[in-house]
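Worksheet for the structure shown next.
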Amino acid sequence: MKLAASLNRLSPKRLFRTKSKASVSRSEPSSFSSNASSSSSDGSYGNLKQGPTATPISVLPQNSGDFYTELVQAFKLIDRDDDGVVSRGDLAALISRLSHEPPSQEEVSLMLREVDGGDGGCISLEDLASRVAGTSGEGSVETEELREVFEIFDVDRNGKISAEELHRVFGVIGDERCTLEECMRMIATVDGNGDGFVCFDDFCRMMVPAMNDHHH
């Protein structure tokens, strides 16, 4: 998995926010609330603990606030012990929660080197920001890469993402406030055929503009 490309896409609220003003044709329960997007914005630069090798927030470009706020939030999801760096243990724990099998030591090492660029054995926010900035102009997203992100959500590997699977990912990454009904609403915003699921084609149509937003 291309770690730098995937970290910033793990937030379900980022992925499943609608890009269209078209209304959803099927009716939705009146109990749906609009606070799904607001609860994803409680992270901020100032809340990132400055550990011994943590990154000064000043390294982040000031003209890309929304994107880098989301990058900081993605970093904090993985830095579970809040020491300002993503260690081998942090990364292995995240992958174990999101996948069916725990990663091998070799896989974790490859992911760390991909972002860190050396043998430090950990990833700072600066490493991640530099890596994402360096890959932002590499062109269109590869289908293989999209498939890897899709499979994080498609837990039962049936080729589509359900509201229950989306809700599970929220719990895994530490956002337990999002309800199943809110997940159903998010699914509805991108569900092309109205079957209550997001297939891979729906996912691709949603992801490409979402991942290119910060380029403009």
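One is the number of the first residue shown, and numbering goes on along the chain from there.
Every residue gets a Cβ built from N, Cα and C, even glycine.
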Response to the item:
Of D90, D116, the one that Swiss-Prot places in the same Ca(2+) 1 site as D79, D81, D83 is D90
Discussion item. The Ca(2+) 3 site in Swiss-Prot lists D191, N193, D195. Which one of D156, D202 belongs there according to the record?
Written reply: D202
Response to the item:
Cβ atoms other than its own within 10 Å of the Cβ of D81 (Ca(2+) 1 binding site), all chains, total 13
Worksheet, complete the sentence: If you count the other CB atoms within 10 A of the CB of D154 (Ca(2+) 2 binding site), including all protein chains displayed, you should get 20
Worksheet entry | D191 (Ca(2+) 3 binding site) to D81 (Ca(2+) 1 binding site) - Cα separation in whole Å | 36
